[in-house]
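Read through the structure below, which is laid out as structure tokens, and then see the notes.
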Amino acid sequence: MNSTPSTSFLEQIATKVPVVLNSELTGGNEGYFPITIALSIHAIKVAYELKKNFYMNGRLSKWQETAVMMVYSFGGASLSAFLLGLPQPWLENSSLIPVNSAIFLLMAYLPGDYLFNLLQAFSPYSDILISVVDGMTKGYGITTAGVDLVKFKLKPEKVSESIVAMIVIGTVTGAGGGMISDLFQLTQKNWAFRTPTMFTSLSIDLKLSFFTTIGYIFTTKLWSFSSAMPNFVFSKLFDGIINTVIPSFTTNEAKLVFGTVCSCVLGYKAYMDYNIFVEKQKVLKSKTEKDLKSSSKSKNE
């Protein structure tokens, strides 16, 4: 009697997580404006972080701030598509620009700052929760929309076998928005081209995207020296070392593992950023109070 092989518990969870992230807030495909959970959380996360940045470092024009929101929201996917000569995601997806614009405008310009103040009221828990969920989305984005795009969707093109392409596209998918913003100083009032700071100091976002990409490639054995360089004398040796040192996962398991890693790292970063934001708020409040006192004294004199 034949028995079907049992699926591991990790594999079972791994197949359900992307279904949840890609499920629609309307509860199905019949909604008038279906929006996925992943898109919504990512848009809220980016809008919330930008609002805090503009609060501390000065506001830009409404059009500038909205443009920065777009870059941070899907700049990585856009840059990846540009490098591979593929259609831009914001042109293919009818929801991308409207949803991100609407959420940012609500976060940044809603009278009374109700949405921003609501998230602030539950800080740091709200910061951590949003970052953890967005971290899982980031992990799946790097692996599925980055590495898998090159490896599987571009077959039989030669680029699909290139580890350089997989690493570059995976990393750019995860951190491309920040790279573009850094290159053109988009969070400053006057935009200008400059040498990217990644050449002098790598951001956590860039490091996380790079190591997630590398980890996913080698734990799933999507690339090997033997397949890429069969005549190289040390190919089997290098593959043997990699297979011994690095654990093996199915693609679904690896996506869950590295999505969880991204969640943990970004959750911790959110907590640290919260503490920094609180300290900056205190400094700004103290400075404002001093300015008011000095202004009132000068008027009395």
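Just so you know, glycine gets a Cβ as well, placed from its N, Cα and C.
Look at TrEMBL and you will find 31-48 (among others) tagged as transmembrane segment.
The transmembrane segment annotation in TrEMBL covers 69-90 (among others).
If one looks beyond the transmembrane segment (96-116) by at least 6 residues along the same chain, the residues whose Cβ comes under 8 Å of a Cβ in the stretch are 35, 39-40, 43-44, 46-48, 50-51, 54, 62, 65-66, 69-70, 73-74, 89-90. Per TrEMBL, the feature transmembrane segment maps to 96-116 (among others).
With a cut-off of 8 Å between Cβ atoms, the residues of this chain six or more beyond the transmembrane segment (163-186) that come close are 64, 67-68, 71-80, 83-84, 138, 141-143, 145-147, 149-151, 192-194, 196-198, 203, 205-206, 208-210, 212-214, 216-217, 222-223, 228. Per TrEMBL, the feature transmembrane segment maps to 163-186 (among others).
Sequence-remote contacts of a segment are chain residues at least 6 beyond its ends whose Cβ falls under 8 Å from one of its Cβ atoms, and for the transmembrane segment (198-219) they are 138-139, 142-143, 146-147, 163, 166-167, 170-175, 178-179, 182, 242, 246-249, 254-255, 257-258, 261-262, 265-266, 269. What TrEMBL lists as transmembrane segment is 198-219 (among others).
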